[in-house]
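Annotated features in Swiss-Prot:
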{"type": "ACT_SITE", "residues": "R147", "note": "active site"}
{"type": "ACT_SITE", "residues": "K171", "note": "active site"}
{"type": "ACT_SITE", "residues": "H243", "note": "active site"}
{"type": "ACT_SITE", "residues": "R246", "note": "active site"}
{"type": "ACT_SITE", "residues": "H269", "note": "active site"}
{"type": "ACT_SITE", "residues": "Y278", "note": "active site, O-(3'-phospho-DNA)-tyrosine intermediate"}
{"type": "DOMAIN", "residues": "1-86", "note": "domain 'Core-binding (CB)'"}
{"type": "DOMAIN", "residues": "107-291", "note": "domain 'Tyr recombinase'"}
Amino acid sequence: MNDLIEDFLHFLIVERGLSANTIKAYERDLHYFVSYMDVTKELTDPNTLERSDIVGFMAFARQEGKSPRSVARYIASLRSFFHYLMHDGKMSHDPMIQIETPKQAQGLPKVLNLDDVEKLLSSSDTSTPLGLRDQAMMEILYATGLRVTELVSLKMDDLHLHMGFIQTIGKGDKERIIPLGKTATTVLEKYLEEARPKLRRPKYRNDFVFLNHHGQGLTRQGFWKILKGIAKESGIEKPITPHTLRHSFATHLLENGADLRSVQELLGHADISTTQIYTHVTKLRLKDVYKQFHPRA
């Protein structure tokens, strides 16, 4: 089975162009399933799999405390894997027939109000090169709605500041062009002129925009650590994740009259239904404003 999994992962890289993080997620999910099957029965041929094996695996995952979201992801990964095997002639039947994906409550994105955004964007120590970098990253995230992976993957050639935009490669290797406002442009230019040259190291000749203190490109994990420090410094009590500024970017655009299709394009969503979740957020926020300020609310 491990050889078949490797073939599948290679297919996802070459034919589907999926990101390294997505490939790792598939790999973890499939090996988790195989480790379960190794205990229940020796699995050398996928054609011996039955629906009962999948049902048993789902029950096992729940017993181990896996969330409905995780179980749903396992099922999606297995479904894709088995479809690949059947299409490739390595599997004659689909054991996923009549397997339902666990229902999961869809939580609304956590969004900052404008005051909290201002606190977050002004909480970096801009007297240091690292502080200038951190401020620039926060400004870019809120100004563009980039995913964190897209942010840390930015190269110098992706910046077109004289024209007021940046370009990025998002999910599915889709390129998109995103406008950059004056404030974010000014902060980014200051970082590029005053801080980035001090962070560069001769032995690392890379062109990533955002560098760590070793002169290497910043990682997602590195950014998460930075964000936790900034969030603590800001004094904001709400939980803040790497996606918080992206959620706030989308919600504030819609609140100020942007149309849904434009926001979808800026976020890089393949399906507009993904973007529509933010309309629910704006409705709830309007309801809160009404309750707070209407004399008869």
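Numbers here mean position along the shown chain, with the first residue as 1.
Cβ atoms are placed via backbone N, Cα and C, with glycine included.
Fair warning: this is a prediction, and the values are worked out from it, not measured in the lab.
Sequence features annotated in Swiss-Prot and their locations in the structure.
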| residue | record | Cβ contacts under 8 Å, 6 or more apart |
| --- | --- | --- |
| R147 | active site | G170, H243, R246, G268 |
| K171 | active site | S19, T22, G268, A270 |
| H269 | active site | T275 |
| Y278 | active site, O-(3'-phospho-DNA)-tyrosine intermediate | P109, H247, A250, T251, L254, V263 |
- [ ] Write out how many residues of the domain 'Core-binding (CB)' (1-86) are helix, how many strand and how many coil, based on DSSP.
- [x] 71 helix, 0 strand, 15 coil
Open item on the list: I need the least crowded one of these active-site residues (H243, R246), counting other C-beta atoms within 10 angstroms of each C-beta.
Closed with: H243
Open item on the list: Can you work out the mean pLDDT of the predicted model over the domain 'Core-binding (CB)' (1-86)?
Closed with: 87
